[in-house]
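Participant: Have a look at this one.
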């Protein structure tokens, strides 16, 4: 049962306790985000992340009696704002109105099923959600170890990948051997980065929700195991994410009407964030020396498509289309400009060919500005922030920081994965503060450690 003050939790205290169906649906949603399996309709239009869509839809239907007007109205308002953005983008370019409309439908689907996730996850106690994410991360590490060292298991993983994915199956094993000294595990997903993205997101959720005294050490051990087994640079974002938690969420002390910020804890957190940034830099320089050399030489197409190109394209779009950008999923309206940016880069990247611009821009943070432009981009940020407040988010800075950091490692702006990041950031912040509200609030911040007391992956 929720049993939390209204300002902290998003629902009335009379919410029912979760049952086995809720737990199964939550697990299915998480598995769906991990796998990222799309289903293509006869017209070729994909239904993204279909397992999460199924689970989120059922969760929403199961908890229809818990829908609240003060949450549903802001959600519908956000969707209307996105509609306004594609109409504004289509004023001078009607050719891609159909494509933008498809993008709006996919985005609406993602926001709606994410709301189903939000309704369900807040039924659970903090420790149960922490247990789900913690053991899921352990399963990923063990699975990657098996794929690295047990050939029949690797063959099974590759066979399953070939069966469930008809696009984007990673086959650059030779490149992995050159850069990392090993073939990175895909563990039933389409590519290694899908594994590292999901692991980073889920491990961070565990870190925020865990009440274990030594959770910082546990988090470090999880990522140490991940660096050994997965090798992907996305894992460095796991260290970066500790900063937003320690700066914007951990120092908040619940009050009967909201919360107050513990400045002493916040200053200590700032020093911790700085130290972690140094650690991340040292780890990156040592583990990814070959990759960094390629990035500096402009010959790493993966980094270019995830970080450099999206920024350069966003800069160009906001110069030429500052009001409404190019519109949702209308990348191909600027295909030649994207190709030109690639042509002006290093030799290896300039030889990277693509027929669809979305394959060359994989950063959902910068896609926000490419799709929406400067004006509508800000309007939607304000609208989405209002929606987050309606959901009960204790800290907008925390939610948006998590979204922006993880946006550097994934594209597909309209897909459920992108908006699940934001919903999860909101939900884990609520669960974190709900548990804190149940404990006595000291007059002075405790002097020891940053980690709350309790124990283990299941806490």
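Numbers run from 1 along the shown chain.
For all residues, glycine too, the Cβ spot is worked out from N, Cα and C.
Computed from a predicted structure; not experimentally measured.
When I checked TrEMBL for this same protein, it listed these features:
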TRANSMEM  20-37  transmembrane segment
TRANSMEM  43-61  transmembrane segment
TRANSMEM  73-92  transmembrane segment
TRANSMEM  104-125  transmembrane segment
TRANSMEM  132-150  transmembrane segment
TRANSMEM  192-209  transmembrane segment
TRANSMEM  221-245  transmembrane segment
TRANSMEM  265-288  transmembrane segment
TRANSMEM  369-388  transmembrane segment
TRANSMEM  394-414  transmembrane segment
Participant: Below 8 angstroms Cβ to Cβ, which residues of this chain, lying six or more residues outside the transmembrane segment (73-92), approach it?
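Facilitator: For the transmembrane segment (73-92), the nonlocal Cβ contacts are 100-101, 103-104, 107-108, 111-112, 115, 321, 323-328, 330, 371-373, 376, 379-380, 383-384, 386-387, 390.
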Participant: Checking distant contacts: for the transmembrane segment (369-388), what same-chain residues at least six beyond its ends satisfy Cβ-Cβ under 8 A?
Facilitator: 71, 74-75, 77-78, 81-82, 84-85, 88-89, 103, 310, 313-314, 317-318, 321-331, 361, 396, 399-400, 413, 422, 426
Participant: If you count every Cβ pair below 8 Å, which range out of 20-37, 43-61, 132-150 shares the most with the transmembrane segment (221-245)?
Facilitator: 132-150
Participant: Report, as numbers and ranges, which residues of the same chain sit near the transmembrane segment (192-209): CB under 8 Å and 6 or more residues beyond its ends.
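Facilitator: Tertiary neighbours of the transmembrane segment (192-209) are 30, 33-36, 126-127, 129-130, 133-134, 136-137, 140-141, 144, 170, 176, 184-186, 215-216, 219, 222-223, 226, 230-235, 237-238, 241-242, 245, 249, 302, 402, 406, 409-410, 417, 421, 424, 428-429, 431-432, 457.
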Participant: Can you tell me which parts of the same chain pack against the transmembrane segment (132-150), counting only residues 6+ beyond its ends and a CB-CB cutoff under 8 A?
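Facilitator: Residues 26-27, 30, 34, 157, 182-183, 185-188, 195, 198-199, 202-203, 205-206, 209-210, 222, 225-226, 229-230, 457-458.
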Participant: Please report, as numbers and ranges, the same-chain residues at least 6 past the borders of the transmembrane segment (20-37) whose CB is under 8 Å from any CB of it.
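Facilitator: For the transmembrane segment (20-37), the sequence-distant neighbours (Cβ-Cβ under 8 Å, at least 6 residues beyond its ends) are 48-56, 58-59, 62, 117, 120-121, 123-124, 132-133, 136, 140, 164-165, 188-190, 194, 198, 201-202, 415-417, 420.
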Participant: Checking distant contacts: for the transmembrane segment (43-61), what same-chain residues at least six beyond its ends satisfy Cβ-Cβ under 8 A?
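Facilitator: For the transmembrane segment (43-61), the list is 22, 25-26, 28-29, 31-33, 35-37, 102, 106, 109-110, 112-117, 119-120, 412, 414-417, 420.
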